[in-house]
Amino acid sequence: DVHSSDNAHKQHDVNHLLDKIYEPIKDEKLHNTAHTFNPVADTSIYGDDGAAAKTLMQKLNDHRLLEEHHWFSLFNTRQREELAMLFTVLNQCKEWDFLNNNAAFFRERMNEGEFVYALYVSVIHSKLGDGIVLPPLYQITPHMFTNSEVIDKAYSAKMTHKEGTFNMSFTGTQKNREQRVAYFGQDIGMNIHHVTWHMDFPFWWDDSYGYHLDRKGELFFWVHHQLTARFDAERFSNWMDPVDELHWDDIIHEGFAPHASYKYGGEFPTRPDNTHFKNVDGVARVRDMEITENRIRDAIAHGYITATDGHTIDIRQPNGIELLGDIIESSMYSSNPHYPGSLHNTAHGMLGRQGDPHGKFNMPPGVMEHFETATRDPSFFRLHKYMDNIFKEHTDSFPPYTHEDLEFPGVSVDNIAIEGHLTTFFDQFKYSLVNAVDSGENVEDVEIYANVHRLNHEEFTYDIEVRNHNEEDKFATVRIFLCPTEDNNGITLNLDEARWLCLELDKFWTKLGDGKNLIERSSKDSSVTVPDMPSFESLKKQADEAVNGGHDLDLSAYERSCGIPDRMLLPKSKPQGMEFNLYVAVTDGDKDTDGSHGDHDHHGTHAQCGIHGELYPDHRPLGYPLERRIPDDRVFDGVSNIKHALVKIVHDPELRA
């Protein structure tokens with residue numbers, strides 16, 4: 001008999017906990033557990049002797065929790081507290097069965113959105129969740145990813161019992177310039193990357209939950225910087241200028257009509273073009289946002305921040321950007337949560353509520369108040385360009401790297417070549433909408449799918465020739481960036497202008513033997529990207545087969561869904577092609593890491609998502625060596641371990657199956 005805590009049984013449990021989340025549990029065993037288990041009957045099953053479970057049960061019995069069949073937003077303080085309470089209960093469970101029993105119990109009694117978020121964060125962070133692949137959120141809460149028109153057709157198909165696949169278009173029309181890049185912000189894989197990163201690094205995380213999230217503040221900067229740089233690369237690919245930053249004293253130029261509805265709560269609010277920022281009741285005044293920004297800029301200019309107890313902390317040192325990231329977000333890691341104020345989180349609330357700032361029309365939260373939907377709104381990228389420029393102000397205060405800072409003595413990059421074609425195209429992708437529609441008892445499910453177009457690229461391989469003149473093996477870090485060569489007007493960019501627009505393509509470690517080394521690296525092995533997640537149907541089928549067959553299940557290749565979709569590694573480019581500089585920097589791996597030459601594959605997406613419960617593997621600043629200003633390109637040209645090659649990316653306009 002296979003133990004109930006093996007991967008197959010755990011995957012089976014999670015599948016059934018998340019299936020048709022707005023309806024009672026279908027699995028008979030879990031359904032019985034939900035109605036017979038008492039979370040506080042035996043408190044020895046928890047690491048905290050049931051303190052969290054008692055608190056949550058008290059709130060539940062006093063009817064002080066958010067009702068079921070109601071919208072949930074992480075930016076709503078009270079709802080976030082409830083989610084954190086449930087997460088704490090699950091996180092304190094000593095064994096999988098206890099976590100599973102609690103999850104079944106609270107699934108039937110708490111708000112569905114709070115439950116899903118808490119379960120996802122628990123599986124991601126708890127050791128008990130190792131080996132489990134969380135189903136793609138676009139199949140669990142499809143309303144957050146799917147246009148209303150498609151959801152309506154899915155309901156119609158269900159009611160008439162007719163199978164159907166419905167094409168989902170990007171919201172808007174060609175009259176709207178922003179429509180040209182809607183495929184980026186509205187890509188369901190990019191939405192998943194964004195929401196999952198914020199589950200991997202929650203702004204409400206406290207180390208009392210079990211461990212420290214290493215370099216969380218710096219990763220907050222780097223992940224959003226890369227999203228913004230990638231968005232700008234897509235704009236260049238569509239004859240558009242880079243996105244402009246948001247200004248609190250200016251209008252919000254682009255409106256947005258989400259064409260999406262909550263499962264319960266009505267339509268997502270719309271925002272017309274050229275809206276003036278308004279004070280938002282219960283969130284902030286416009287003046288508060290300007291004050292917060294000024295306080296942060298003052299800290300950068302002074303080179304220090306003031307902690308809660310009044311002492312000053314120097315930010316003009318290597319981990320300064322880490323401290324700044326925690327303050328700008330702001331997270332529980334902030335050195336002073338009350339001063340200067342929460343710029344990022346409050347800004348999301350401000351933008352989300354501009355359609356109904358005083359609550360006159362009882363509108364639900366806007367798309368900016370959910371990490372799942374935020375990147376759909378063009379104002380998301382304006383907001384992050386604005387914050388990115390604040391971070392740049394900080395990094396520009398550091399002295400540029402010198403020849404000695406950059407060199408890897410005795411190592412030279414002799415040649416960079418690409419095997420294969422750098423070709424992008426759009427393909428089609430189907431996902432099931434079975435969980436979007438309601439089911440009665442004994443009513444058969446109907447095969448209903450949404451069909452979306454997604455950016456993709458042909459696979460390619462980097463061939464990098466590196467010579468090691470040291471007459472002994474060397475451990476090396478290989479860093480690969482893609483940098484634009486010119487702006488939208490065809491004006492050539494120097495390296496200092498281009499560096500902030502560069503896309504991180506890969507970062508990995510390798511051993512250099514004495515003499516000539518040929519490093520071959522496939523695009524699909526990038527530490528920046530993740531493959532497509534298995535569909536919910538596939539996860540259910542594999543888990544059921546493993547449980548029934550009594551064998552285990554290994555889905556470790558898909559365990560993390562934080563990372564840029566691997567098909568979006570390259571920017572779209574144009575049919576006539578666009579030239580980019582491919583930069584390869586080979587740096588001293590012994591200096592870059594803790595020096596242990598063990599497994600440095602790190603399985604997947606460590607570049608932008610780190611490694612759970614461990615130190616970030618690279619000691620260098622994120623973005624090194626391009627994160628500091630470069631007043632003279634010749635410093636880079638003068639070191640042998642950094643080289644660049646001109647490459648051309650071509651877009652094939654033919655839609656592929």
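Heads up, the Cβ atoms here are built off N, Cα and C, so glycines get one too.
These features come from Swiss-Prot:
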CARBOHYD  N167  N-linked glycosylation site
BINDING   H194, H198, H224  Cu cation A binding site
BINDING   H344, H348, H384  Cu cation B binding site
DISULFID  C483-C502  disulfide bond
DISULFID  C562-C609  disulfide bond
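Everything Swiss-Prot records as a feature, shown here on the structure.
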residue: N167; record: N-linked glycosylation site; CB count, 10 Å: 14
residue: H194; record: Cu cation A binding site; CB count, 10 Å: 21
residue: H198; record: Cu cation A binding site; CB count, 10 Å: 20
residue: H224; record: Cu cation A binding site; CB count, 10 Å: 25
residue: H344; record: Cu cation B binding site; CB count, 10 Å: 19
residue: H348; record: Cu cation B binding site; CB count, 10 Å: 25
residue: H384; record: Cu cation B binding site; CB count, 10 Å: 23
residue: C483; record: disulfide bond; CB count, 10 Å: 21
residue: C562; record: disulfide bond; CB count, 10 Å: 23
residue: C609; record: disulfide bond; CB count, 10 Å: 24
Worksheet item: Looking at the recorded positions N167, H344, H384, C483, C502, which has the shortest Cα distance to H224 (Cu cation A binding site)?
Response: H384
Practice prompt. Quick one: give me the count of other CB atoms within 10 A of the CB of C502 (disulfide bond).
Written response: 21
Response to the item:
Here the binding-site residues are H194, H348, H384, and the Cα closest to that of C562 (disulfide bond) is found at H194
Worksheet item: Near the Cu cation B site, what residues other than H344, H348, H384 in the same chain have a C-beta no further than 8 Å from the centroid of the listed C-beta atoms?
Response: H224, E329, L343, N345, A347, A374, F380, L383, M387
Worksheet item: Inside 8 A of the center formed by the CB atoms of H194, H198, H224, which other residues of the chain have their CB, for the recorded Cu cation A site?
Response: H193, V195, W197, F220, V223, L227, F371, A374, T375
Practice prompt. Report, in whole Å, the straight Cα-to-Cα distance of H384 (Cu cation B binding site) from H194 (Cu cation A binding site).
Written response: 13
Practice prompt. Compare the C-alpha of C609 (disulfide bond) with the C-alpha of each of the binding-site residues H198, H344, H348, H384, and give the closest one.
Written response: H198
